[in-house]
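Student: Below you'll find the structure I mean.
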Amino acid sequence: MAAHAGRTRPGGRRRRGAGKPATRRECHRRPTTAARGNPGPAARRHRPRRPHRRLVRPAQRAVRHRAPAGGGDRRPGAPRRDRRVSRRGRTRQPRHRGHPHGRTASGFPGRGACGGYCDGDRRRGDGGMSNPRSKLKPTVRTTLTKRGDILEGVINSTGRAKDGKPKQVGRSEWDNALADHVQTMPEGSSVDVEVTINLAESGKRTVRLAGVAALAKVTFAAERAAAVQDGGFINPYTFVPTLPRSDQDGTRLTGTGLDDDAPPSHALHADNQWSGTLALTLTTVTPLLLPVPVVDPPKDGPRTFDVRVDADGQPLIHGASLKGALRSAYETVTASRFGVFFEHHERLAYRATTAAALHLTPARVHRDGNTDYFRLCQGDADWRRRHVTHPAQYAALVPAYRGKPGQGKPGRGKPGQGNRHPAKPVKPVRRLGDLSAGPLSRHHGTEVYARVVLPESGSKGGVARVTHLARTEAEIHAHLRTAVSPGKVSGSYDADRPSRIVRGWLSAGGNSIEVKQYERLFVETPGLDIPVTEEHVRYWQSVLRAYDLAQGYNDPKATYRHDPATADGIERSWHVPSTPELRTLPPGTLVYVRYDAHRRTISEVHPVLVGRLPYEASPDELLHESLRPAQEPDRLSPADRLFGWVPPGRRDDEAETNIGASGYRGRLRVRSITCMSPDWRPEAFPPEGITLAPLSSPKPTQFRFYGSPDPQTGEPMPTGAEKSAGYAADGGLRGRKMYRWRAEEPDYWQPPADQEDPRRGYLALAGNRSHATQLVRHRGWVRPGVTFHVELFLDGVPEAELGALIWLLNQGVEAPLRLGAGKPYGFGVVTARLATDRTRVWDGAGVRAGWLHLTRPDPVNPDRLTELAERFAATARENEVLREATESYLAAARAVNGPVHYPRTTTQSQAESYQWFVANEKSEDRRWALPHVRDDEQRLPYLDSGAAKE
C-alpha cells in the first residue's frame, strides 16, 4: 500500500485515509461522497463486508461502468456500489491489494480481483484486455478418462490445489472430432484433450482432442427444423466460411507453409520443391455442359448451343476451365486470398419502408460558383406554417394517375404517406401549354408554375395539392374562370379552398407501380443550402447501383424492367437505368434527403420518396484485409503462388494501384486433357435439343444469404434479423460460394421427348418458354460416366502447396470438382483421381541429380505424394483456419439428400424466385437465413405464396 500513501487530490488536499494501513475490507478504493449516497462515518465503519466482484461478461461491462445519474443516485435500501466516479463522469473499478491490476500471479482474474477492468488497465488504452483471446478464454491441456457417457479428469485453469479435484464433462461440451473418437474408446481408457474455458460466458467449457484445432460450433436451428417437417428444399449454393488469415497478433498460419509470402524464384529449385507431371483421371458423375454456339442458329426462339469438340469429334475441355476449377477449390481448402473480388466497393441497398420515407425532405442540387449545394424545398414561410407533420409533406402532391381503385382498405394511402393503397381515383392535374404533351414523366425536372391548394390553416397533417401546371404564371391566370382574389380562386378545382400560384420544379418518376396516383412539386426555400460532399455522392451512387442491380432480379417492385420502357402500362422511373452523368449528382437533380435541422447536415440522398436504403458497409469493406486480392508480390497466398498472380491495375474505386510489378507465372499448367470414352454422347437425346430452365442471377442484396454478423466465423444471420442489420459495419461475409448437387437416379438425366416432366428441375416448362432472352437450348452434353485423362505440369512446387493439391485431388466422389455450365441444376459434377501409374514427379534432389549428371533419375515413389497429402491433412487438423476451410469444403462438396432448387413458395417447379424472398421478409419472427454449410439440416421451408401478397 506504499503506493497509495500520501496520495493527494489535484487541489492539494490529502485523500481521506491516505497513509493508513489497509485492511482486507479496505482493499478496494473508497468511493466518493457522491457515489456512496453520502453515508455517515458510523455507517462506513460498520458497513458489512461485501463479497468480491465476479468477472462480468464483456457485454455487461459498459453497463457496469456507466456512472449513475446524478453522480451516484441509488434506490433506498439498495446495496452500496463500491465504485468511484471520476471527474469525467466515468466509474472506476478499485484495484485489488497486492496486484496493481487486480490479478493473480497467473495473469487470470483471481479471488478478490476486479476482473482486469480497473483504472490501471484503462490507462493502457485497451480496457485491460491486451490479449482478450488468452485472458477471457484460457485453454488447459489435460487427460480425461472415459466413464460411461462422460469424460472425467482434472481441469485446473488456476493452478490452485483446491481446483485440482476431478471434474466431469458431458457430450454437450465435446466437439464433433472428440465425440467421434470417444465412440471408439473402450471403457476406462484415456484421451488427451484441450479444454477452453469461456470466462465471458460463466465458465462455459469446450473440450476437443489435443492437437485438433477448434471448430466453430454450428447452432441448431430448432424453429427451421420444425418448419421443414412437412417438406423443404436445399438452396443451389452455399458458402464455405473463410476465416481471416491474420489477426492482431500476426499471421494465423505460422508453421504451415501456407501463409502469405513472396513466391520462390523460377530461376532455381530448392530441396523442398517438386517438379514433373501429375496424371489425373476425371470421371463425369452428372452430365457435363461444354457449350459452343451452333453454326446455324435458329432465327426465332432461345439461343442454341452444341457441345464443344476437337478435330477428332471428342468433347473438348479448355485447360483454362479446368485450371479455374482447380484454383477455386484450392483457394477454398487453403484459405487463400480471393483471386478476384471486384465491383464490390459500393454499398448494397434494400427497399425502404413507407414510414422511413416520411422523414425525407425534398431538395434540388444547386450550383453556386464551383460549389454544389442541396437547396431544400420546404416552400415559403406561410406554406410551412400551415402544415407538415413529416418532412416529406413539404412536396406538394401533383395528381397524375387514376390508379386502380379498390386495392387495399379504405382510408389507407393518405396523401403524403406513399399512396400505396388508394381508396378512390383522383382527378389528374390540369396541364397547360406544351406540358400537356406526352406522359408527365417526360417533364421531370422542368421548372413550372403551379396553382397550389393549401391545407386549411391549423389543420394537422395536410398536404398542398396542385391543380394546374403551366410554363408561365400568365397561362394559369388566363385559364382560370375568374381573376385571383385574396385567398380564393374560382373554378372546378377546389374553388373554395385557399390557394396560391408558385414556381417550382416537377418531380415525375412515372407510373412505376400500379397503385400510384401522385407525382410531386418541389418549391425551393431560399437560405436552406447544404454543401454537397464526396460522401453524399458515394451514397447517391450506392443507391443508384442498387436499382441497377435490381434490374436483373425479375422483381416487379424494382420499378423497372429489362424490357421496353413501359410494360403493361408501368413505366420505368427516371433514374433507371442510371447514366454516368447522373451518377455524378449533377446540378438540377431533384432528390429526397434526410436532413438534420439541428446540425444542418444531410445523411441520405434518394432519387424517389420510397426508395432503397444502403447498408452500413459494402462487401469490400467487410472482407478482411488478409483475404483481399494481393496488392504486392511479397504477400501472395498459396493459390497465387501455385496458379499465378496478376497485379491489379485499378481497384473498384478507379484508384491506380499497379506498383509496377509484372505479375508472377504460376507453377502449375494444364498440359493436356483427352477424352477416353468414344461413346460420350447420351443414348437418346431429342434431335432439336432441350431447353434448360432459366438460371437465377446472384442476389447479394439478400443479406440473409450473403451476410454474416461475425467477421471471424462467417456464421449465418440470426433468424428474424431486421433489414438494417444486414452488412453492418462490424459484420462480415459468409465466405466462398459453392454449388450443391444431389445424387439422382440414372433416368433423371434422360430428358423425355415432350420435355414436360416437372420432376426434372433442369427443364424449362411450357409456361416459361415465352422469355426467349432468358432461356438457352442445348443439342447435347457429355453423359455421366465418361472419363478424361489429364496431365498437370509442375514446376518447382513447394512441399506444403503440393500436399494441399494432392489432398484435394484424392477426395474422389466425397468432394468432386465442378466444371462447365449449369452448376445450379446439378450439371458438371466431376470426380478426380490421381493416376499413380502415369505420374512422374521428382523432388529437389532428383532435379539436381538430373542436371548434374545429365540423366533422368527415377521419379519418386507415389507413396511420397500420399505422405505429402497426409501431412497437409494433419496440418489442417491442427490449425484453426485450415480446419474450418477443409471441413466446410467437404461438407459443401458432398452430395445432399433433399431437393435442390432455387427458393420458391411452393413445390411446383419454375415458381418465381423473388416471391420467396418477399414472403420471407413478411414473416417478421421467422425471416430465414441460409443455413451454415456444416448444419445437419440444410433445408429451407416453402413459404406460403399468400404471404407475399399485399
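Cβ atoms are placed via backbone N, Cα and C, with glycine included.
In case it's useful when we look at the structure, here is the feature table from TrEMBL:
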REGION    1-110  region 'Disordered'
COMPBIAS  1-18  compositional bias 'Basic residues'
COMPBIAS  43-67  compositional bias 'Basic residues'
COMPBIAS  81-102  compositional bias 'Basic residues'
REGION    245-264  region 'Disordered'
DOMAIN    281-335  domain 'CRISPR type III-associated protein'
REGION    398-441  region 'Disordered'
COMPBIAS  405-416  compositional bias 'Gly residues'
COMPBIAS  421-430  compositional bias 'Basic residues'
REGION    631-657  region 'Disordered'
REGION    709-729  region 'Disordered'
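A description of the local structural setting of each listed feature is requested, covering burial, neighbours and distances.
Tutor: Over the domain 'CRISPR type III-associated protein' (281-335) the predicted model carries a mean pLDDT of 94.
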Student: Near the region 'Disordered' (709-729), which residues from the same chain, at least 6 beyond its ends, have a CB less than 8 A from one of its CBs?
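Tutor: Distant Cβ neighbours of the region 'Disordered' (709-729) are 216, 218-219, 221, 223-224, 239, 241-244, 347-348, 350, 613, 615-619, 621-622, 624, 703, 735, 884, 921, 924-932.
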Student: In the region 'Disordered' (709-729), how many residues does DSSP call helix, how many strand, and how many coil?
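Tutor: Going through the region 'Disordered' (709-729) residue by residue, I get 3 helix, 0 strand, 18 coil.
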Student: What are the helix, strand and coil residue counts for the region 'Disordered' (245-264) according to DSSP?
Tutor: 0 helix, 5 strand, 15 coil
